[in-house]
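**Q** Sending over a structure as structure tokens; questions will come in a sec.
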Amino acid sequence: MTSIVLFCRPGFEKECGAEIQEKAAWNEMYGYLELKINQGLVFFHLHESAHGEALMNKLPLKRLIFARQWFVTVTDKIDLPDYNRVEAITEALGNDWQYSDLRMEMADDNDGKSLSKFCRKLSVPLRQALRKNKVLTQKGNNSADDPEGAILHALFLSGQEVILGFSLARNSSPHVMGIPRLKFPSASPSRSTLKLDEAFLHFIPRDEWDERLTSGMNAVDLGSAPGGWTYQLVRRGMMVTAIDNGLMAESLMETGQVKHKMMDGFKYVPLKQNVYWLVCDMIEKPQRVAKLMSEWLLHGHCKEAMFNLKLPMKGRYQQVTNDLQTIKDAFTKHNVKYELYAKHLYYDREEVTVHARLLSPAPLRAKE
């Protein structure tokens, strides 16, 4: 049986499963779910084997909110001996396909993490054997070298069990298990800074940073205190207006790049139409935040927005779907072209991060 394996944050398997099942049904592909609760793994077992690769070709991973990474299985669970595991894996895999990279992966729980050292040690002889068999290309260390290639995934359930599969380099995360490993900057006043750092890395292509994430831009941070998100803007050389009734970190104020206005983020409106970035991590009802973000963009108060929508305890997938639809409806009402993506990022917890921008002129922009 062919399955699609999806990685997500532990505790969000139901949301991840509901989403892939819904998106597959939209493409007339069906199957049933197997959820590995609190392991961050979802198995979507397809009724038709050909639908695994077909769905991966049709559905962009970036359109899935809760899935960090995914792959299509090419083997069932393989039992590994205590000796010569490499030979067992290469025999099960065969040599019909060629892959541009290898990902050694495991569940995102304590049992899975205990396998990380084992996987690192095994990856070296496994790569060598796969190259020798011409299953892994000689480069075989970076999927960016072959964006049209396939990635080989080895999901270790234990030291004695593995599932093999593939993803498409152009439609999968470049990170093992979809997890970027970011270092917390000691100069930041809050760990929330990693959320925005990851968001920029995830949503904005690196070859567009010089145009969209560059020094000299004006930015607004709603709900800014103590300055975790402001820090990411400042370190990129932007001039920031920080809006929050709380105090900002003195280290940020001393840069000369931050103006702090003590007021409600829902009431602030910029006097000039020269703001490029709006960022927002307010602990507020997601419906209110979604409405506010669409208003800022439609009125031309900013060019791009990066914001978090807090998730409820129950009905999380439905709630975030409704909030995104609110934004889409507002844009559609004014007949504008737009870009809107949401992702439950690694450094997010009970929230999802959303990126939005208009691709046509802001219809409600005031004439200067």
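Heads up, the Cβ atoms here are built off N, Cα and C, so glycines get one too.
As annotated in Swiss-Prot:
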- SER192, ALA225, PRO226, GLY227, GLY228, ASP244, ASP264, ASP281: S-adenosyl-L-methionine binding site (BINDING)
- LYS310: active site, proton acceptor (ACT_SITE)
**Q** Using the residues the record lists for S-adenosyl-L-methionine (SER192, ALA225, PRO226, GLY227, GLY228, ASP244, ASP264, ASP281), what whole-number Å value is the largest Cα to Cα distance?
**A** 20
**Q** Please work out the number of neighbouring Cβ atoms within 10 Å of the Cβ of SER192 (S-adenosyl-L-methionine binding site), leaving out its own Cβ.
**A** 18
**Q** Can you tell me how many other Cβ atoms are located within 10 Å of the Cβ belonging to ASP264 (S-adenosyl-L-methionine binding site)?
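**A** Around the Cβ of ASP264 (S-adenosyl-L-methionine binding site), 12 other Cβ atoms lie within 10 Å.
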**Q** Report the member of PRO226, GLY227, GLY228 (the binding-site residues) whose C-beta atom has the most other C-beta atoms within 10 angstroms.
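**A** It comes out as GLY227.
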**Q** Could you state the whole-number distance in Å separating the C-alpha atoms of ASP244 (S-adenosyl-L-methionine binding site) and the residue listed as 'active site, proton acceptor'?
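**A** Given the Cα positions, ASP244 (S-adenosyl-L-methionine binding site) is 18 Å from the residue listed as 'active site, proton acceptor'.
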**Q** DSSP secondary structure for the residue listed as 'active site, proton acceptor', reduced to helix/strand/coil, please.
**A** strand
**Q** Which of the three DSSP-derived classes (helix, strand, coil) applies to SER192 (S-adenosyl-L-methionine binding site)?
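**A** SER192 (S-adenosyl-L-methionine binding site) sits in coil per DSSP, no helix or strand.
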**Q** Say you check the Cα of LYS310 (active site, proton acceptor) against those of the binding-site residues SER192, PRO226, GLY227, GLY228, ASP264; which is nearest?
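**A** Nearest listed residue in space: SER192.
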